[in-house]
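Below you'll find the structure, written out as structure tokens, and then a few comments.
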């Protein structure tokens with residue numbers, strides 16, 4: 001096949017720009033917070049000496065912990081595109097729908113319990129990584145669920161690129177950035193630093209909804225079964241979160257979360273409890289079989305009560 005360099009470069013650039021814009025989505029959100037946060041806090045009457053420390057908690061400390069479960073989304077996003085593109089170009093919609101359903105399910109299967117676990121362990125986690133801070137822990141508690149939204153956006157945006165709708169992805173990203181920009185000031189004035197997190201969540205929700213509408217229209221994908229599985233994951237994760245919260249309250253009788261060693265001990269014990277509780281539930285209900293292949297049966301052979 002004889003392809004000119006000009007045509008080849010044009011094709012590469014046209015496909016790479018949407019990828020770059022999607023990858024810049026969250027950094028742009030952080031830049032908006034950087035440009036507006038302190039000014040909005042000043043309008044809300046927050047003392048100047050507190051503004052920088054609150055911004056540090058928003059974009060430098062809590063953000064790093066929240067990004068731990070979202071790192072999985074990056075791997076999914078990269079690996080999804082060639083498989084979805086292949087089945088889409090072949091017109092094999094049944095296989096493509098299975099890939100989309102599995103990808104969304106596995107993503108939620110891991111990120112939802114991880115995010116709710118961070119919420120339950122907000123105080124000891126923040127203390128372990130940084131130092132004890134009531135405000136920092138509160139912001140981490142509010143920020144943790146946003147990890148699910150960041151992951152969902154990354155994966156659904158990659159799915160659109162897989163079905164050759166990357167130009168629409170660019171408009172969705174730009175639209176969500178505009179929503180973030182419009183909402184940031186009033187929400188920070190209303191809720192202080194937590195308002196920046198709320199505006200991010202709203203912008204991401206709108207972007208995810210747009211991605212899903214496009215997937216339904218052009219990939220003919222129906223979300224009913226996926227939503228049903230996600231609802232089960234949410235219920236099981238909330239049960240796990242309640243058990244972890246109870247474990248935290250029990251350990252507070254013996255260990256203080258304000259010291260780093262106490263917080264570390266609390267984090268390790270509670271994380272293990274949460275993993276066991278969630279693991280037992282998904283094994284007993286056989287939800288794990290849907291996403292983990294042969295692994296659940298291997299575990300059952302070794303652990304009889306599962």
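Using N, Cα and C of the backbone, Cβ positions are placed for all residues, glycine too.
As written in TrEMBL, here are the features:
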- 12-32: transmembrane segment (TRANSMEM)
- 65-85: transmembrane segment (TRANSMEM)
- 106-129: transmembrane segment (TRANSMEM)
- 141-161: transmembrane segment (TRANSMEM)
- 168-189: transmembrane segment (TRANSMEM)
- 195-214: transmembrane segment (TRANSMEM)
- 234-255: transmembrane segment (TRANSMEM)
- 261-281: transmembrane segment (TRANSMEM)
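Put simply, of 106-129, 168-189, 234-255, the stretch with the most CB pairs closer than 8 A to the transmembrane segment (141-161) is 106-129. Sequence-distant neighbours of the transmembrane segment (261-281) (same chain, 6+ residues past either end, Cβ-Cβ under 8 Å): 113, 117, 120-121, 123-125, 127-128, 132, 236-237, 239-241, 243-244, 247-248, 251-252, 255, 287-288, 306.
Residues of the same chain lying 6 or more positions beyond the ends of the transmembrane segment (168-189) and with a Cβ under 8 Å from any Cβ of it are 17-18, 21-22, 24-25, 28-29, 32-33, 36-37, 39-41, 43-44, 157, 160-161, 195-196, 198-200, 202-204, 206-207, 210-211, 214.
Beyond the transmembrane segment (234-255), the same-chain residues lying 6 or more positions past its ends with a Cβ under 8 Å from any Cβ of the stretch are 112-113, 116-117, 119-121, 123-124, 262, 265-266, 269-270, 273-274, 277-278, 281-282, 285, 287.
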